[in-house]
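> Submitted below is the structure of interest, expressed as structure tokens.
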């Protein structure tokens, strides 16, 4: 059961609105496989996000733009199979919703039907509001994503903080558009803490921050960053709670050494 936050045996979208009203923070982690999903679910995380970040941390690619809907569905199936309590949300990957609202609805329907997820996430603000509304009208819950949107990295000029200065007005407009379109939550990525706090106070839906300070209703991190499986350079907004990469490296070396020494398998591991 969770240490705090949403108190429910099975989390639904309505629980996020209730948590905001009650001033309860919500926790979100990414997951792309059954083993991590089961562990995080049992730990009490409120939402599991099958993010297109899998392109980077699972498939080893430089950008999220290349991951396909078919690949996302395979990963999401594994997560939903292992999850009993947390709400599972799946990213709509690049190229699956931009052409038209109809394309977006068809992609979202595939995700819901083939994975058993509870919602989809889509990047964009004012320009994507009509698409969000169409997905919601099809009976599919939506999480928005504004601020820095990784699928737009080239048009944004790279990994750049959004919502500073004059652009803060756009952030508010995007947030309101996402809410009015029917999303039940919105991710705020790489925006100034004060701007994220203002958006959070302005909206009635849940805000989930990543690199957006602690004034949002909840937080999300890529688990390989948060728990140190990724041994490379990490974003400034990541707090490392474990060093799993180093632990795995040391364990692999110990395994190799035992094989070379002829001590594995021993009597205890033999029939």
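In case you wondered, yes, glycine gets a Cβ from its N, Cα and C as well.
Small disclaimer: the values here were computed from a predicted structure and weren't measured.
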> Have a look through 33, 70, 91 and flag the one Swiss-Prot assigns to the Mg(2+) site that 52, 123 belong to.
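Candidate in the recorded Mg(2+) site: 91.
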> Of the binding-site residues 52, 53, 91, 121, 123, which one sits closest to residue 189 (active site, proton acceptor) when you measure Cα to Cα?
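Its closest listed neighbour, by Cα, is 123.
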> Please list, in sequence order, every residue of the chain apart from 52, 91, 123 whose Cβ lies within 8 Å of the Cβ centroid of the Mg(2+) site.
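Along the chain, the qualifying residues are 51, 53, 64, 92, 93, 94, 121, 122, 145, 150, 151.
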> Cα-Cα, whole number of Å: residue 123 (Mg(2+) binding site) versus residue 53 (3-methyl-2-oxobutanoate binding site)?
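Cα of residue 123 (Mg(2+) binding site) to Cα of residue 53 (3-methyl-2-oxobutanoate binding site) measures 13 Å after rounding.
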> Using a 10 angstroms cut-off on Cβ to Cβ distances, just flag whichever of 52, 189 is the loneliest among these recorded positions.
189
